[in-house]
């Protein structure tokens, strides 16, 4: 059961979601992590009318909630000929420029213009102020999207991560779109027992033909709100009653502000470098602020590292890549020294985190989960037909609650330093690089898979340099002869077997990132269900 070959190589075969029904505590699933919901891209001039339950779908677009959810699609029409659909703030927001609007959670808005996609022009009914607001900070009044417990397109694994973090009590819950059943939802609840300790149970919420909802046919409800109210009063067959909605973190913004959405080359003087976080071969990383009010990370590149023109061209692509497991590129200063402005990650690089930070004490479940997050981000890069080229723990950043995000994707191609471009030069990361890429420059998503296998060794050894005791030349020679790193101390053989799959000589025989994500997310259920923590892992 544990061997990698026994599993189908393509995760697409693993499509039924593990959910628990009240009457049947069985059922197994795997669904790949969908591209997250945090960045609705509308490109429509009319806002769907969420309050008209029977409005025909005129645009074929559901701004919130996805297919057949309670986001009632249709063009914006006046109710009774006068009013408009009102939106409510889900979070506090502080204006970052003179064009956007500060507001508090619960404030209501009239939307004036939604053509900007990520930013909507709105009028606050509380203050009367007009300006741009981030569209993922608001939801239609009285919709399920406005409920604290509704998390939209959140994958099963991410639901578990959120419920099991921050010391949530038993009965903490959320509702999300089902990954596998169109129009259905999943109720995820944190539970506890003496055998498993803290864990999460998932229940499928099915939809009736007449529009109602049920977990078990014995109890049917017109709305999800009624369902939540019912199970908050009594468990009624669930593992426990619903106690408190899971804390919903602030959504990430796609841009620094509405002003930088299209013009994201920013003046150097708008950035303040506050604290140096790291120093690498090609520059430094700083924690800083933009406009004096927005915390960012700033990567400064040494002059001559890459051509500003080539960088700007690549940055146009990087800016379009949006996924929860990728560090978001916000803006650039393209004149030398080049500045790259991204979201700030509080715990720094995964390498430093494992070697010198809180990561030193992590056990295998956390480490495998971090690997699964990286695989999820790389699966998105795979779907977008992009390549990272320099995947290693130094280029993974860690945030609160052990969130991992991939940084520096695509930049390696642009480096013009001779010690790097020679590929066997001192600055080139030979130990992480697939042989066909190191020897012949054949960089593909499959060479990224090789690098991911090396990153797995970094995780289980808490940041040890790969191929200990060997220099770059020896590594290249030995790997060409068929040498592969042995199983690290205390690492389960099934995980080492996965590494060996990543290090197949023929790139096409290496697994996809979609498969790697599936394998790692299900690792302790399907592969190592008997895992017991040891001294090291």
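Yeah, the Cβs are placed from backbone N, Cα and C, and that goes for glycine too.
According to Swiss-Prot, the protein has these features:
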- 2: N-myristoyl glycine (LIPID)
- 149-246: domain 'SH2' (DOMAIN)
- 277, 278, 279, 280, 281, 282, 283, 284, 285, 299: ATP binding site (BINDING)
- 420: phosphotyrosine (MOD_RES)
- 531: phosphotyrosine (MOD_RES)
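When the binding-site residues 277, 279, 283, 285 are compared by Cα distance to residue 531 (phosphotyrosine), the shortest distance belongs to 277. Same-chain residues at least 6 positions away in sequence with a Cβ under 8 Å from that of residue 285 (ATP binding site) are, in sequence order, 276, 277, 278, 279, 297, 298, 299, 300. Residue 283 (ATP binding site) falls within a strand segment according to DSSP. Residue 531 (phosphotyrosine) falls within neither a helix nor a strand when secondary structure is assigned with DSSP, and so counts as coil. Summary for the recorded positions 277, 531: the Cβ-based neighbour count within 10 Å is maximal at 277. DSSP labels the residues of the domain 'SH2' (149-246) in these numbers: 18 helix, 33 strand, 47 coil. Around residue 279 (ATP binding site), taking its Cβ as the centre, 8 other Cβ atoms fall within 10 Å, counting all chains. Mean pLDDT for the domain 'SH2' (149-246) in this predicted model: 93.
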